[in-house]
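J.: Take this structure, written in C-alpha cells, and hold onto it; I'll ask about it next.
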C-alpha cells in the first residue's frame, strides 16, 4: 500500500505524489500542496493531530484525516 | 472636483496587506457599518501624485478566488460585479517576499479577470535575511505587470506604489493563463453559448455560488448545449487549473527569483519547537491567557474607576448647573448614566483587542489554533473556535464576527451559538455587586471566597459553552464538509501602528455599535420609571406624606419614600409587579424582576436599573450595595439578597441570553432569525430552570 502523509514521522522527508482525492480541499492545493513538492513534518499536536507541515516552504497545519488522503513517497536520505 | 479612482487591495492573509493599507491611508480610513451590513469593509482615501485621489478598499485576506469561507466570498462578489460602485479600476495584489510563489496564485487569477493589476512585494527588508534576490525586470515582463518593492516596516516603497497606482491606465490587462486550456471542448461549448463573456469569469461563476448579474449558475448550466459536469468533475478541473497556475508561476520564478538557502536564517523553527510543543506549548498558552485576564480584570479597573467617577460628577455638575425639570432629569438620570455604562467598558475592550491584535500580528494565534484543534473537535468545534471563545470574555459581538474564518458551516454555527455563554465584560458589574452582597468574606487556601466565586463563574461559562457545543454537535443534523487548513505564518514583531489602529477601530465599533442600543434602552427606561398612570403616581407626594405623618421622618428619608412610592406606581413598577409571580420562585422581588427585564437589552443595565429603582440618586456602588443589603424579602422575611437568591441570580446571569446586540449579530451572521430565537429561548429557559433549582435547594 502506498504511504500517505498521515504516516509521515518527524524528521522524515517525502515527495507528494498524488492529491486527486475528492476529500482534499482545493484550498490545500492552492496553498502549495501539489504533486512533486517536498513535504516535511515540523510538529504534531498530541495524538498526531493536527499535523504542522512544511510543504516546499509553505507552512501549514492540517488534520490527520485530510493527510490520510494525500499520497507521498518517502525520501530516504543518508 | 478631482477625480477619484477605486483601488482594491487583495492578497493572502499574513502578507502585511493591512500594513500596506495603513501606510497608504494613515488615519483616513473607516470601517463599514457595525452592526449593520453583512460584511466588515475597510476603506480609506489616499492622495496620489498630480492631485488624483484614490479610494482604497482593504479586502479580506484570501488565498484564491475559489472561496471556501465567508470572508473570501466577499472578494469574489466584488470582483465579479462590474456594477458595484466599489468595483476596482485597479487591483493591488500584496505578496510576502518569503512566500512569493504561493502568494502569486491569486495574482494570476485577478489578472485573468482582466482587471489592471499591480504587484506589491512586501517585507522586502527581509530579502537579504532570507537569502532571496529578485530580477524585477524579468518578473514585470513575464507577469505583465508593474512591481513595487515595499517594506512597511522600514517605510520604503510606498511613494513608488502611489506613483504606480496613479498610472493605472498603463498597466497591462493581459491574462496569465488561458483557462480554456484545462478542458478545450467544455470551454468551446461555453464560448458558443456566451460569446460576449469572459471565459474565466464564467468559469468562476460556474464553480461557485455567486450572485452576479444576469448570468447565474443555473442559466449557464441550463442553456449550454453540453452535458453538465458533475461537481466532482468540476473539482477535478479546478485542481488541474491550480496545477497549471503553479506551473506558470514556477516558470516565471525560475529565472526571476533566486534563493540562497545558506544565507537564510531560521528563527521560526526554534520558536515553534517550544510554542507548539506537546506540553510546553499548552503551558505557555495558558500563561498568556492568565496574563490577558489579569490585564482585563485588574489593570483595567484603574481607568474604569476613573471613568465611573467622571460620569458621576458630570451628572452631578449638570444637575446643579441646569434648572430642575424633565429635560435635566432625562439628561442626568437617563442619558449620562446610560453613556457612562457604555464608556466604562472601553478600557476592557481596548485591553482585549490590544492582546488579540498582538497575538494575531505576531503569528502566535495560528499556533493556538493548531494546539487546540484536536481538543475542540471533540466538542464539535474547530481549533479556530478558540479565538471567538477568548474574545467572548470581552464581548460576544466581535467574538461572533471572528468566527468568519471557520470554513465548516456546522463548526461555525456551533461556535456562534455557544459563544454567548462565555462570561462577557457586561456580566462583570452584575457579578461583582451580587458577590459582594451574598458571598462571605474569608479565605480558602489563601484565596478569598469572593474571588473564587468569580473564577468559578468564568469556569461555568466556559464549561457550559463547551458542553452545549457537544450537545449541539450531536443534535444538529447539518451536513457540512469539515476541513481544516491553517497557514502557520512566520513570527513577526507586531507593528505598533497596526496594533494601535486595530484597538482604536474595534473600540470605536463597540462604542458606536452596541452603544446606540444601550443608550436607547436607558432613555426608554428612564421614561417608564419617571412617569405613571393614575392617582397613586401623580399624587405620590401627598399619599406618602399622610402615610408617614406620624413617624417624624427627616426630609431625605421622606424624599426617598416618595421616590420609591412613585416608582412602584410608575409604568415600570406596574409591569414589574405583573411579572412578579413568575420570578418569585427564584427568590426575587419585582424590582429585581424589572432589572432583569431591562437587562434583556444589555446585561450591564441591571446595576443601573437597581440604582434607579432603589432610589439612590448617585451611581456610587457602595450606596447601591448598602441599599440592596437592607432590602427585605416581602414574603419570606429576612434580607432579599441572601445566599440563596444571590446564587440564583448569579446563575441566571451566567446562562440567560440577555443581549439584543448579540442577537442582532447572530441574526446577521447566520442570515436567519431561527438561530437567534433558538438561542434566546433555550438559554433563557435554561437559566430560569437552573436559577429556580438553585434557590429552592438553598433557601
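Note that Cβ sites are derived from N, Cα and C of the backbone, with glycine treated the same way.
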J.: Which range, B:488-508, B:509-529, B:530-550, does TrEMBL list as transmembrane segment?
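T.: Checked against TrEMBL: transmembrane segment maps to B:509-529.
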J.: With TrEMBL as the source, identify the stretch among B:235-259, B:310-334, B:335-359, B:560-584 annotated transmembrane segment.
T.: B:335-359
J.: What residues elsewhere in the chain lie close to the transmembrane segment (B:279-297), defined as a C-beta under 8 angstroms and at least 6 residues from its ends?
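T.: Distant Cβ neighbours of the transmembrane segment (B:279-297) are 348, 351-352, 355, 359, 364, 367-368, 371-372, 390, 393-394, 425, 428.
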J.: For residue B:22 (Mg(2+) 1 binding site), name the DSSP secondary structure in the helix/strand/coil scheme.
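T.: The three-state answer is helix.
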J.: When you scan the chain for residues with a C-beta under 8 Å from the transmembrane segment (B:676-698), skipping those not six or more beyond its ends, what do you find?
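T.: Result: 417, 420-421, 585-587, 643-645, 647-649, 651-658, 663-664, 666-667, 670.
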J.: Which state, by DSSP, holds residue B:11 (GTP binding site): helix, strand or coil?
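T.: In the DSSP reduction, residue B:11 (GTP binding site) maps to strand.
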J.: Within 10 Å of each Cβ, count the other Cβ atoms and name the one among the binding-site residues B:11, B:26, B:60 with the highest count.
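T.: Per the Cβ count within 10 Å, the most buried is B:11.
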J.: What is the separation, in Å, between the Cα atoms of residue B:26 (Mg(2+) 2 binding site) and residue B:14 (GTP binding site)?
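T.: Spelling it out, the Cα of residue B:26 (Mg(2+) 2 binding site) and the Cα of residue B:14 (GTP binding site) are 20 Å apart.
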J.: Only counting partners 6 or more residues apart, tell me which same-chain residues put their Cβ under 8 Å from the Cβ of residue B:25 (Mg(2+) 2 binding site).
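T.: Correct list: B:44, B:45, B:46, B:56.
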